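Copied over from TrEMBL, here are the features:
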type     : residues : note
TRANSMEM : 28-47    : transmembrane segment
TRANSMEM : 108-131  : transmembrane segment
TRANSMEM : 137-156  : transmembrane segment
TRANSMEM : 192-212  : transmembrane segment
TRANSMEM : 219-237  : transmembrane segment
TRANSMEM : 283-302  : transmembrane segment
TRANSMEM : 309-325  : transmembrane segment
TRANSMEM : 331-346  : transmembrane segment
TRANSMEM : 353-371  : transmembrane segment
TRANSMEM : 409-426  : transmembrane segment
Amino acid sequence: MSVEAAPLTSAAPTPAGRRSPGYVLPNWLLWPGLVAALCAIGSFVAYEHVHDFGLRDDQLDLQVYRDGGLALRHGHRLYTANYTWVKLPFTYPPFAATVFAVASHLSFAHLITVMTTASVAVLFATAWLAWGRLGHPVSAGRAGAALLLGAAALWTEPVQQTLGFGQVNLLLLFAVVADLCLPDRFRGKGVGVGLAAGFKLVPGIFIAYLLLTRRWRAAAVSTGTLAVTVLGAYALFPHESGQYWGGLFWDSSRVGGVDYLGNQSLHGMIDRALRGGAQVQHLWMLAAAVVGLGGLLLAAWLSRRGQELAAIFTAGLVGLLASPISWSHHWVWILPALVLATDWALRRADRTNRLLALLAPLSLLLLFAAWPRQDPSHGLLASGLIWWVPYNQNLEYHWTLSQIPLGEMYTLLGVAFLAGLALHAWRTRRHPRR
């Protein structure tokens with residue numbers, strides 16, 4: 001993709017408070033973007049109809065959501081029952097169960113269609129918002145760039161896992177990004193973050209981010225919205241709310257095995273490194289505290305420098321790393337990461353340097369891509385590189401030195417990004433003119 005750089009003074013005007021990107025996304029990007037999006041969506045639909053895992057089959061997590069909603073509607077045990085043939089518990093807050101109680105009026109087939117369509121739509125919408133947050137005005141070029149990176153992200157492992165399981169990750173990503181892209185003067189800013197936190201606790205980290213960036217009204221709105229979701233669900237379903245907030249929300253063992261390869265978080269990495277030793281919990285809490293506080297301070301630093309999308313991504317990354325369980329499909333934050341890496345490359349003034357810099361987003365895409373892998377149970381799967389190492393039945397405890405970087409790839413890349421960002425912030429503070 002060749003984009004001519006433009007001086008900052010000649011770039012299109014940007015909304016107040018946003019940096020000029022320093023280059024223009026040409027309108028002709030719309031056509032390759034449309035082709036890429038159609039090919040990505042078409043190949044996804046074809047893929048799902050030629051194998052037995054995903055849209056044609058059970059969408060396991062979505063089935064748990066719907067069954068939990070049905071249980072709530074009919075007065076059955078929400079948090080003590082198990083759902084689907086895998087016997088999985090419902091692990092989300094009562095507010096999420098209330099939403100799925102409404103959604104359970106749809107047949108499962110219709111719910112699959114609605115969830116998948118909405119998830120793909122917000123994937124591209126999030127890419128559009130991300131380019132806008134970087135300062136690009138509404139244009140055919142911005143639409144083309146959003147379509148191109150949305151198409152690329154569709155075939156990453158986190159997105160494919162999200163769609164295959166019927167997960168809500170893309171919807172929550174959109175709710176947070178759309179909310180934080182609103183102008184600070186907008187009175188409703190914070191509602192999206194509050195709703196996302198009420199639906200799934202981890203997005204609550206963005207309330208801390210709003211406080212650190214001194215967006216007092218948005219922080220108050222998000223906190224108030226979260227409180228409404230908790231109290232509203234409590235008023236409707238006091239027994240279930242009492243169970244959840246009485247301690248179940250803290251029990252990460254209900255979510256799944258910490259040692260499982262799919263848990264790409266500091267907790268999972270430390271557990272696998274120590275083979276489930278007695279010190280895992282203490283070391284994880286220490287690491288999560290350091291990464292949580294340090295990462296949020298870095299996000300606030302980026303925000304003060306006018307790099308809001310990078311700040312939002314950094315806060316989201318902190319949530320992934322510090323959470324006790326971050327399944328690989330939670331890493332849909334790869335989409336804003338791809339936008340940021342591409343933007344960084346396109347800001348290079350020299351064409352040769354720009355082309356070389358584009359290796360950064362390309363490398364990121366290749367590392368997170370959904371590569372084909374033959375599975376003994378499901379045939380050919382769109383699978384990430386992390387799944388190319390032994391897993392299940394405690395095989396993660398016996399990885400060789402060469403397998404560890406692959407099995408811990410998402411977590412290691414996240415930690416490396418924060419470490420590099422911290423070094424950059426330190427050097428910038430020492431040499432502010434650089």
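Every residue, even glycine, has its Cβ placed from backbone N, Cα and C.
Unlike curated records, TrEMBL annotations are generated automatically.
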Remote residues contacting the transmembrane segment (283-302) - C-beta distance under 8 A, at least 6 residues beyond either end: 205, 208-209, 212-213, 266-267, 270-271, 274, 308, 310-312, 314-315, 317-318, 321-322, 324, 415, 418, 421-422, 425
Cβ pairs under 8 Å between the transmembrane segment (137-156) and the transmembrane segment (28-47), at least three: yes
Selected stretch (most C-beta pairs under 8 A with the transmembrane segment (409-426)) from 108-131, 192-212, 219-237, 309-325, 331-346: 309-325
Seg_contact(the transmembrane segment (108-131), the transmembrane segment (331-346)) with at least 3 CB pairs under 8 angstroms, min sep 6: yes
Closest-packing stretch to the transmembrane segment (331-346), where packing means Cβ pairs under 8 Å, from 219-237, 309-325, 353-371: 353-371
